[in-house]
Amino acid sequence: MTSTLITGIGELTTNDEELGTLTDAALVLAGSRVEWVGAAARAPEADERVDVEGRAVLPGWVDSHTHLLFAGDRSAEFAARLAGRPYEASGIAVTVEATRAAPDYALVANLRRLVREAVAQGTTCLETKTGYGLTVGDETRAARLAGGLVDEVTFLGAHVVPPGWDADDYLRLVCGEMLDSVAPYVRWADVFCERGAFDADAAKEVLTAAAEAGLGLRVHGNQLGPGPGVRLAVEHGAASVDHCTYLTDSDVDALADSDTVATLLPACDLSTRQPLPDARALLDAGVTVALASNCNPGSSYTTSMAFCVATAVLQMGMTVEEAVRAATLGGARALRRHRGEGAVGVLRPGARADVHVLDAPSAVHLAYRPGVPLTHAVWRKGRRVR
Ligand code: NIG
């Protein structure tokens, strides 16, 4: 097992309660794990030594919400939005048609391209969802193809009711044959609880069936207007409720009293011309907040977690520390990967060796220099990938 000493770290964000943020620091990676963290002057020897010359180091981004298994392009829909047309869930059917028609190799090539793009910008842990197949065969195919290429796969058969289907019949299919077929390939199930997608009763059925099948739960909620998504997510013990663009005070209170993470997707809100979520209200109430890219061809076609962090700081009232934490440890909590051996979103002995070196002396530069590619080097599971 090869060990690597990363030294000369100007500012090291560990996200570990005891270690905190260190200056003049060093890290030792051994195999796929972090072995040692501390002052550069006390660093042990290792097989290899990399001096990052005063740069800032963070845990790799944890992007806990993406939809990367798709084919096709919806730039015309985006352009229509710029001209004033509202975002509607019905656009999803366009990607469903293109995805169903695409051969496996094309879907895998597109997924690999987006993963490479994300990793090159410092993302080291990625979740992705099915949801552009919406038949038993196409959903199972998506889950099977995504497994092994990303860290976590989520079943989103309950994305929209596909054209030509009766809503009750489709719900039965999702909660029955489709769930049975996809479950062996995924850890999570999700439901898009929104007008034009699944209402509260339908979402409840999906969450109940998925929990009975042994899957962890996630919810797309309160994206396009106030609604029951947050409440349902909390009631069902979902790990995360994602979007949270329109929240009532009682939604915030419910989240604050729960273990459900509020995952905010600011790139999506900008792309769909929605307001940005009230991150401050969530944080002040003690809610765990995550930031994720929601990369997909319809509502948020970006893999840039740095863009999400800069937006959160510049426009959502989050401090740099809060935004960086939300995009690393917050995502890890949303995926229930923040604890124990191999934890992500944190740099401490035993954590996964996922390291992001910025070409900047401090994390403040992520907001101070928005839009500038600041990734200098990336290690994922102890291997240098950039
Ligand atoms: O999270 N909201 C539902 N699903 C995706 C959008 C998918 C699409 O428009 O293709 C989202 O924004």
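Even glycines carry a Cβ here, placed using N, Cα and C.
His65 (Zn(2+) binding site) has a Cβ environment of 30 other Cβ atoms inside 10 Å. According to TrEMBL, the Zn(2+) binding site annotation covers His65, His67, His220, Asn294.
Residues or ranges marked as Fe(3+) binding site by TrEMBL: His65, His67, His220, Asn294. Sequence-distant contacts of His220 (Zn(2+) binding site), defined by Cβ-Cβ distance under 8 angstroms and a gap of at least six in the same chain, are Asp190, Val191, Phe192, Cys193, Glu194, Ala197, Gly229, Val241, Asp242, His243. When secondary structure is read from DSSP and collapsed to three states, His220 (Zn(2+) binding site) falls in the strand class.
Taken residue by residue with DSSP, His159 (4-imidazolone-5-propanoate binding site) is part of neither helix nor strand, so it is coil. Taking a C-beta cut-off of under 8 angstroms and a sequence separation of 6 or more, His159 (4-imidazolone-5-propanoate binding site) has the following same-chain neighbours: Ile92, Lys129, Gly131, Tyr132, Leu134, Phe192, Ala197. According to TrEMBL, the feature 4-imidazolone-5-propanoate binding site maps to Arg74, Tyr132, His159, Gln223, Ser299.
TrEMBL lists Tyr132, Asn296, Gly298 with the feature N-formimidoyl-L-glutamate binding site. Under 8 Å, Cβ to Cβ, and six or more positions away along its own chain, Asn296 (N-formimidoyl-L-glutamate binding site) finds Thr66, His67, Leu68, Phe70, Thr95. Look at Asn296 (N-formimidoyl-L-glutamate binding site): DSSP puts it in a strand.
Per TrEMBL, the feature domain 'Amidohydrolase-related' maps to 57-362.
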For Gly298 (N-formimidoyl-L-glutamate binding site): intrachain residues, at least 6 apart, with Cβ closer than 8 Å: Arg74, Glu77, Tyr87, Gly91, Ile92, Val94, Thr95
Whole-number Å value of the largest CA-CA distance among Arg74, Tyr132, His159, Gln223, Ser299, listed as 4-imidazolone-5-propanoate-binding: 19
Of His65, Arg74, Tyr132, binding-site residues neighbouring ligand 1, Cβ under 6 A: none
Sparsest-packed of the listed binding-site residues (His67, Arg74) - C-beta count within 10 angstroms: Arg74
Integer Å distance between the CA atoms belonging to Asn294 (Zn(2+) binding site) and Gln223 (4-imidazolone-5-propanoate binding site): 12
CB-centroid shell, 8 A cutoff, N-formimidoyl-L-glutamate site Tyr132, Asn296, Gly298, site residues removed: His67, Phe70, Arg74, Gly91, Ile92, Thr95, Gly131, Pro297, Ser299
Binding-site residues compared (Asn294, Ser299) - the one with the fewest other Cβ atoms within 10 Å: Ser299
